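**Q** The structure that follows is given in the form of structure tokens.
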Amino acid sequence: MSRLLPPLLLTILLLLTWEAACRLMHVPAYFLPPPSAVAIALVERAPLLAGSALQTFLMALQALLVAGLIGGGLALAVSLNRSAEHVVRPLAVALQVTPVVAIAPLVLIWAGLDHADRAVIALAAAVAFFPLFSGILTGLKSADPDLERLFDLYGANALQRLWRLRLPAALPFALEGLRVASGLAVIGAVVAEFVSGSGATQGLAWRLLEAGNRLRTADMLAALVCLMAMGLALNALVGLVERRARARLS
Amino acid sequence: MADAAAALAGAVVRYPGRPPIGPIDLTVAHGEIVALVGPSGAGKSTILRLLAGLERPSEGEVRRATTGATGFVFQAPTLLPWADALINVALPLELAGLAPAAARERAAAALAAVGLGDRLDARPRQLSGGMAMRVSLARALVTEPDLLLLDEPFAALDSVTRRRLIEDLHRLWSGRAPRPAIVFVTHDVEEAVYLAGRAIVLDAATGAVSASLASPGALPRPLDWRADAAYRHAVEELAAALSRAMPADQAA
């Protein structure tokens, strides 16, 4: 509790300053509404925003699942073959350095305009892929070389080596990758929704865009607050998974 | 040679960019304890890996008695950090296809033999350095090997713990029938004389065997053997042989 108090106090102070500035300087509401107006917008639009937040949250989770399956599977395949990494890694890096905004329009065409949600998931998965792939691959190769020798000595087969040595060794790295990937997945989902701009996905980014088009700045800020809260919720979920797994590991 | 637990005949190992190690001729009899002493880089660990079959010689050959398993203890305890002591010790048996229940039963007995019968569920990080090394020793012995290879296993431990572990090793060795052959790498001449029946000195320049000295007295050692003149004399003799095997720039 004592760790939460100082940042909470700072937040309240900043909000009060913002409220006072808006009122004293008569800032127009379309330019910068006071926090009280944002709070009212939040309450009024709560059901809509909650639905959209859930939508974005689920899309980000599905993207993490897809990225985890593809990234993990590929890392596993690559870890079994020494030369495969030289083949795959440059491609993975190329995917990583390509801005997601730039590939979004293409993916939207491929997914079809009726399936904007698929495009959002695919794009979020594309940005979440690299930290998961890279983390799991590094982890699979991180086992103590002497433990690898021990498995050689006792004639372990490939499956035993994977299950009893490499996968447990990879888990902390995979969790680190998941933490980074979860943040990126939200970014990817929001960017993809912005680019699709059709409202077919009904996520938080669409709420932001919709309110912006109508110059309803308080609604925009309310959507932004929801996005922030959703990001924190996802972060907390990943943190919970991480702590559970680490407690079992050590 | 037929009754040897393991032997190297003219074994040469070449690593890229380094002078070759060997040729090495070494025969380890059944039940014998051999200490390998030599300057770092002389190929002591390589010899152990050759004997364990973890590495193949570029030339020459490695012979192993066809029966029996090999146990290996590394410089560090080298335990699975996410598994408890029991599972770590049962690992070699389970990898060999033994049913988990039977493997764990034998692992529990092996842990009891090294004095850790009450720490079966301890994770490696909950154990002291000496205890973790005992778990490692139990893991090496659980398959009842006829050849036990130890690569400077006690180098990181304090002298009291180290002496206790040496006594334990002697006790475990003499308590088994037939006794396993032990090859033990160390850079400590006192440890070599005390622990082994025979000490082999490797030459830094060639990696070949430069001297082979038998330790006096019987194994295991009597209680106050370190105060014995014969022990002191053997230590000095081995130290002199090691000094001759050192490269000129390290000998001073």
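Note that Cβ sites are derived from N, Cα and C of the backbone, with glycine treated the same way.
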**Q** To which of the residue ranges A:12-32, A:180-200 does TrEMBL assign the term transmembrane segment?
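**A** The listed stretch tagged transmembrane segment in TrEMBL is A:180-200.
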**Q** Same-chain Cβ contacts of the transmembrane segment (A:57-79) under 8 Å, 6 or more residues past its ends?
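**A** Same-chain contacts beyond the ends: 85, 88-89, 92, 117, 120-126, 128-130, 132-134, 136-137, 140-141, 162, 166, 174, 177-178, 181-182, 185-186, 188-189, 201, 203, 230, 233-234.
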**Q** Using a Cβ-Cβ cut-off of under 8 Å, list the residues of the same chain that are 6+ residues beyond the ends of the transmembrane segment (A:119-140) and lie near it.
**A** 59-60, 62-64, 66-68, 70-72, 74-76, 78-79, 85, 92-93, 95-96, 100, 103-104, 107-108, 110-111, 166-167, 169-174, 176-178, 180-182, 184-189, 191-193, 196, 201, 203
**Q** Take the transmembrane segment (A:91-113) and find every residue of the same chain, 6 or more past its ends, with a Cβ under 8 Å from one of its Cβ atoms.
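**A** Counting only partners 6 or more residues beyond its ends, the transmembrane segment (A:91-113) has Cβ contacts under 8 Å with 74, 119, 122-123, 126-127, 129-130, 133-134, 187-188, 191-192, 195-196, 198, 200.
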